Amino acid sequence: MAQAYWQCYPWLVLLCACAWSYPGPESLGREDVRDCSTNPPRLPVTAVNTTMRLAALRQQMEKSNLSAYIIPDTDAHMSEYIGKHDERRAWISGFTGSAGTAVVTKKKAAVWTDSRYWTQAERQMDCNWELHKEVSISSIVAWILAEVPDGENVGFDPFLFSVGSWENYDQELQDSNRHLLSITTNLVDVAWGSERPPVPSQPIYALPKEFTGSTWQEKVSAIRSYMQNHTMAPTGVLLSALDETAWLFNLRSSDIPYNPFFYSYTLLTDSSIRLFVNKSRFSLETLQYLNTNCTLPMCVQLEDYSQIRDGVKAYASGNVKILIGISYTTYGVYDVIPKEKLVTETYSPVMLIKAVKNSKEQALLKASHVRDAVAVIQYLVWLEKNVPKGTVDEFSGAEHIDQLRRNENFSSGPSFETISASGLNAALAHYSPTKELHRKLSLDEMYLVDSGGQYWDGTTDITRTVHWGTPTAFQKEAYTRVLMGNIDLSRLVFPAATSGRVVEAFARRALWEVGLNYGHGTGHGIGNFLCVHEWPVGFQYNNMAMAKGMFTSIEPGYYQDGEFGIRLEDVALVVEAKTKYPGTYLTFELVSFVPYDRNLIDVSLLSPEQLQYLNRYYQTIRENIGPELQRRQLLEEFAWLERHTEPLSASAPHTTSLASMWVASALAILSWSC
């Protein structure tokens, strides 16, 4: 899944309009977006009336002596996905996009979001709200300074601001004679009142031993060893990100959409383990698993989730040093630790250690990708049979592939909202259809599906782009060059400890050669039944260096404005490369096992090395997936796999019509049944 760090190109406004209402922006109509210039304003049926909500919030602001209140789009753990009861910005503004910041003053209210969501915001917000399209903190503060008089207060919830965000706001407001005030009671929650969704209370459970790479005791020992060997000699480490605690204790639940996490903090010290969580969610068996009935160094002491600030403050009053990873620590807990007792790093030791999978974790992740490939292949076969009938749309397609994954062993649902995008909608890297707004899949258009699953043994993420008709020469070239980029990076051999950003350009080279590019990241880490976007692995400037045992996605793409989109994403394991001469070098081993669309590959563009690599990959797919399909008696899917992994030849381009594929499939099945 391409991560959301697109540049804010103006053309995305038009693309958003297209995505919301096919066939194009001309059909969008003024009734589908708000028009605040008329009296009374004209609002679409999708707009949310926020008048009473704003009045309730402003009442709380007045009680706290605030002239402005900042409402970000995250939770107290800096999570990528947030639970319903944490959707504060969405509730107060009506705007449900995944990225954006709201600010409410005594008289005005405004939302800042990037170009992916401009049209959505105009559809969902009423005229109580201004929409701002420059999303920097500097832009937000400039607006605040224009609206808030000298000497007045700007409030924020310290548990919703990372340390870095707080520092940026504080710096921008310095010398402005406006005061940034930390209010630990969230005012939106108070205004929301009884209508706010409850905090999840599903059981927190321990993963069966066969699905874990190490015991929680072994992991605790590894973190303590890290602290002992640290030059700053920290006595404790504070874990704030939800996947950190889930990984450390091999515990899972379902508090967060698409992520098997539960609300918690961990304060791990050299002599104690303190888990801040809702204690009532543990069974007796899980309590015994955590050794909660003792106070020894390998016993877990359970404390109430809401007491994290007081608990950290009390521990920090002693002769201690606390290590934090500032990327996922909020100002709410950072603020109570005296600066002389802080040891700060970008990422916590848990983030660094879990990024490198041990041999058992590697085997588990690989196994999950085999089953996942079966589900994706079943989906592609289903599409080939049903798209010509005109019965498949983007939304029904997304529902079908999600269900195919749920049918697999050890499934725990999708790992993110499936991106099912046809034609011009695929030009939006993060487009997802809805039951109300979607397009039919067509033989005459490209179709992109980016999807993934959560399984007890691993998390998956894969993207394939297909065309069932006759693609244009440009579409074939663009697709092939995206494939070339995927191959070039996947087969690369590079020195150990190389940063991902150093090699990232290999995925773009084939596109750059002809003046093409893509605006999202090239890859991200992936977890063992954890995050689909697992930091700090990847190809960005702030990712850690590549190391043997890491898993990363490799996902170049190309997006033609208003016409089509292409992305080819595989998950790869970083392994030691076999080189002619001695040295420690690394390369990638793909663990995604679904063939690319032969109908879109221009073999003449591939170098001999690229073609050889592709055919070798296809042979690997046959070896890993073929037996599984045969074991399950999925004969139609097996025939499809055999056809789509036939070796490609430089002398003869391979394109196969739907009709010929159906005939071949029927003959293959008939021959097996005779």
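The backbone N, Cα and C atoms fix where each Cβ goes, and this holds for glycine too.
Bear in mind that the values here come from a model prediction, so they are computed numbers and not experimental data.
In the three-state DSSP scheme, HIS430 (substrate binding site) is classed as coil. Among the features that Swiss-Prot reports, substrate binding site is placed at ARG116, HIS430, HIS524, HIS533, GLU555, with the record citing similarity to another entry.
Remark: GLU569 (Zn(2+) 1 binding site) has MET1, ALA2, ASP450, ASP461, ILE462, THR463, SER553, ILE554, GLU555, SER592 as non-local neighbours, by Cβ distance under 8 Å and separation of at least 6 in sequence. DSSP classifies GLU569 (Zn(2+) 1 binding site) as strand under the three-state reduction. Here Swiss-Prot flags ASP450, ASP461, GLU569 as Zn(2+) 1 binding site, drawing on similarity to another entry.
GLU555 (substrate binding site) falls outside any helix or strand according to DSSP and counts as coil. Annotated Zn(2+) 2 binding site per Swiss-Prot: ASP461, HIS524, GLU555, GLU569, in sequence order, evidence recorded as similarity to another entry.
All chains included, 11 other C-beta atoms sit within 10 angstroms of the C-beta of ASN65 (N-linked glycosylation site). For ASN65 (among others), the entry in Swiss-Prot reads N-linked glycosylation site, with the evidence type sequence analysis.
Residues or ranges marked as N-linked glycosylation site in Swiss-Prot (evidence: sequence analysis): ASN278 (among others). Residue environment of ASN278 (N-linked glycosylation site) contains 19 other Cβ atoms, counted within 10 Å of its Cβ in all protein chains.
Annotation note: ASN293 (N-linked glycosylation site) sits in a coil segment as assigned by DSSP. The 10 Å shell around the Cβ of ASN293 (N-linked glycosylation site) contains 9 further Cβ atoms across the protein chains shown. Summarising the annotation, Swiss-Prot assigns N-linked glycosylation site to ASN293 (among others) and lists sequence analysis as the type of evidence.
Taken residue by residue with DSSP, ALA650 (GPI-anchor amidated alanine) is part of neither helix nor strand, so it is coil. Annotated GPI-anchor amidated alanine per Swiss-Prot: ALA650, in sequence order.
Look at Swiss-Prot and you will find 1-22 tagged as signal peptide, backed by experimental evidence.
Taking the centroid of the Cβ atoms of ASP450, ASP461, GLU569 as the Zn(2+) 1 site, the other same-chain residues with Cβ within 8 Å of it are MET1, ALA2, ILE419, SER451, GLY452, ILE462, THR463, SER553, GLU555, ARG567. Counting only the Cα atoms, the space from ARG116 (substrate binding site) to ASN65 (N-linked glycosylation site) is about 35 angstrom. Shown in sequence order, MET1, ALA2, ASP450, ILE462, THR463, GLY523, ILE526, SER553, ILE554, ASP570, VAL571 are the same-chain residues outside ASP461, HIS524, GLU555, GLU569 whose Cβ sits within 8 Å of the Cβ centre of the Zn(2+) 2 site. The number of other CB atoms found within 10 A of the CB of ASP450 (Zn(2+) 1 binding site), across every protein chain shown, is 27.
Each of the binding-site residues ASP461, GLU555 was ranked by the number of other C-beta atoms within 10 Å, and first place falls to GLU555.
Ranking the binding-site residues HIS430, HIS524, HIS533 by the distance of their Cα atoms from the Cα of ASN278 (N-linked glycosylation site) places HIS533 first.
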